[in-house]
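**Student:** I'd like to ask you about the structure that follows.
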């Protein structure tokens, strides 16, 4: 037996089988850094049509989590796909750097501002801390393969950004959207500050639920309201509340004019309840012997006075539209400084707006009985006092959804304070924003209804904060009237100039006289701006001013929680400052959860960190998982899920390696064969690749990365792995090295690789770079500067063997493989090359297969394949799952060729080559080698 190894075209490539990504990726990153790859992309695509994806700033505090990674990877995939489509698609990373979380971190080390450290030094430490956090996060984002202008990111602490925020505020004021108000706002006692809607999250809380008796002062008026002559016992209006701590601030009881109310006798007193709530309320009280005396409407109760349950003051019964008979008692305790509806009613009736609770959550000195106590701790004392005064009708506990601070996770209170607001009604901002939402494309489509509902119902935006670390609200107000200084716009621009030079310290360290001359009449506002105003201003501070970008952005892409956050604040700032929406399209992705759908939590031990993933499996595995997951809903990740992703990656890598290994020795300048002269199967491979590329570009343009990933995987495993590459192995390995059949396949492979590497590049950025380095090419451009491959061809419309034809051949081949597997299991054959395949076909299928002539066997990877009419079928033939087709498999008895492993009667025909077939002899000894037309 001779050794024919040297006569075979064995695969060879520098592209390794093992990814070893965790070790290779840092080296590839280092190469990109040295190449200045992002700068080269910008130079190469300068002047092209722009595509701007505006980066929503992550908060500069702590290492990135997997949610951050998903967000940046999705953005990177979209940017890279747009670059492949020929757009100038810059990516400028941004960071949110002011606000409470950074303050808290600095407080841990240095203490509170103004106490153990000066406010000026405190701000310097905050700035230093934020910059350090940015560098930590930046390193992680870069490690994920995300390309961007990392050397010039936009930080909200950049002096120019801070200055442009002030200029944006000036435009908002100039357009008439700013208002000052004394209103109830969500207040965090731990923050010591008001919170915006976006900073409020809801969580379950157990609260006291009490029914309180307000004694009616004038029983005669009450009797008259119920159509009675008189009442011989005391009567009480019953209110139900889950916030006993607000009772010291009670100034009224609200009823609804349209509701019916019942007067009920219980032993020796009367109570008033909404008629529809009588039965369930008495059941709650466990009272069975009550007697309904009379019924009246709410409008007849208004104006009647009641006694406060523990203070010596009287409170009126008033009409309130917000009162319903869905729950409670139908009578509502009203504390104007602790609720929006209460406040509205209080303003309407000129009720006292005395403040009983300080910013730290403790009662003020003017609060009788409870001065200095923390409100939530005072609940028990208040309930006890009500019991002592016989004003407690019922006491219970209730678990309900309650607003909490997004940062501290502690319960909030509504507290009326003087604040600055962007008004939703002045200048019609709400209506304009709602119209802008309609003019924006939202995906998923439910995003539109979600943000519409939020904007429709939201209160005015409280933009003032009582914090140290933030951009100032640099206003001057009259000491008596509290009106804005008449030159406010001019002053703001003056402040902005100073901040652009020296940062926000230029305001905080300045004297008022540096900005105004009338210091005797005007005082400066000491508040800072809501941190959501920082990020919400990014369209004005970045897109509208940076000539490298454009306004509005083509795309915003963030987590689904940003409908109430950045999407909304960006819209409100842009509409109030510029009068147009900041984005054309808004896409959202779901939250990352574990395989059981649970939120990531250290306590559950289910946290998957991006650092662990890229240090073990590699960033490309994380990128592939991100792309493969339908990000419109929750995105499940776990070690098991990532293991499956790694298996998929290996299949893709193996396909790429097989393709590259069969391009050894191929010169694209001299060896390319024209499409019309290729073997027909190679024509199909190129046309099929073109079909897939068209689909892939289409779904990339729709940001459907999971569909892209599915198409790439299907292409590699089914169209290539299970069909084309399986068939051409024989031709690639055994045909004449420089012969037409092999060069034809290499031409097809060359085109396939050039298309495939581009499809992969946005997702598998590191691996695509590695593939590109191992690919024969006629360009020196790095893969990041390439556009979609244009060397693919489609079949002519009149082509006989078109894609439809080959799809039918694939179906027939699948059926043959099914029958081969049956015969393997029956031990008739061990491999397909041992099989003699006879296909019995009806006229239609016969005509299809006949076109392939004696090359049918190569398509079926068998040593012998015969085609016969169906009428000649034998009893041993097996019906295919295709009408008009039967398949018979027998074991071939002819000798095995030691070179190609086909069984052939021609083995030994040539005395010089006794152990190989005549086809192999031809490939070894002749100049042209064998010829192929179809396969």
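Every residue gets a Cβ built from N, Cα and C, even glycine.
OK, Swiss-Prot features for this one:
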type    : residues           : note
BINDING : 558                : L-isoleucyl-5'-AMP binding site
BINDING : 602                : ATP binding site
BINDING : 897, 900, 917, 920 : Zn(2+) binding site
MOTIF   : 58-68              : motif ''HIGH' region'
MOTIF   : 599-603            : motif ''KMSKS' region'
**Student:** Around the Zn(2+) site (897, 900, 917, 920), what further same-chain residues have their C-beta within 8 angstroms of the site's C-beta centre?
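**Tutor:** Close Cβ neighbours, site residues excluded: 734, 898, 899, 901, 902, 904, 907, 916, 918, 919, 921.
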**Student:** So of 897, 900, 917, 920, which of the binding-site residues has the fewest other Cβ atoms within 10 Å around its own Cβ?
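**Tutor:** Ranked by other Cβ atoms within 10 Å, the binding-site residues 897, 900, 917, 920 bottom out at 900.
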**Student:** Calculate the distance in Å between the alpha carbons (Cα) of residue 897 (Zn(2+) binding site) and residue 558 (L-isoleucyl-5'-AMP binding site), and round it to a whole number.
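**Tutor:** One finds 61 Å between the Cα atoms of these residues.
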**Student:** Of all the binding-site residues given, namely 558, 900, 917, 920, which is spatially nearest to residue 602 (ATP binding site) at the Cα level?
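**Tutor:** Given the candidates 558, 900, 917, 920, the nearest one is 558.
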**Student:** Look up residue 920 (Zn(2+) binding site) in the DSSP assignment and reduce it to helix, strand or coil.
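**Tutor:** SS state of residue 920 (Zn(2+) binding site) = helix.
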**Student:** Name, in the order they occur in the sequence, the residues of the same chain whose CB lies under 8 A from the CB of residue 558 (L-isoleucyl-5'-AMP binding site) and which sit 6 or more residues away.
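**Tutor:** Residue 558 (L-isoleucyl-5'-AMP binding site) has long-range Cβ partners 56, 71, 565, 566, 567, 588, 589.
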**Student:** Determine the Cβ neighbour count for residue 602 (ATP binding site): the number of other Cβ atoms within 10 Å of its Cβ.
**Tutor:** 7
**Student:** Can you count helix, strand and coil residues in the motif ''HIGH' region' (58-68) using DSSP?
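**Tutor:** DSSP composition of the motif ''HIGH' region' (58-68): 3 helix, 1 strand, 7 coil.
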**Student:** For the motif ''HIGH' region' (58-68), would you mind checking the mean pLDDT of the predicted model?
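**Tutor:** Averaging the confidence scores along the motif ''HIGH' region' (58-68) gives 92.
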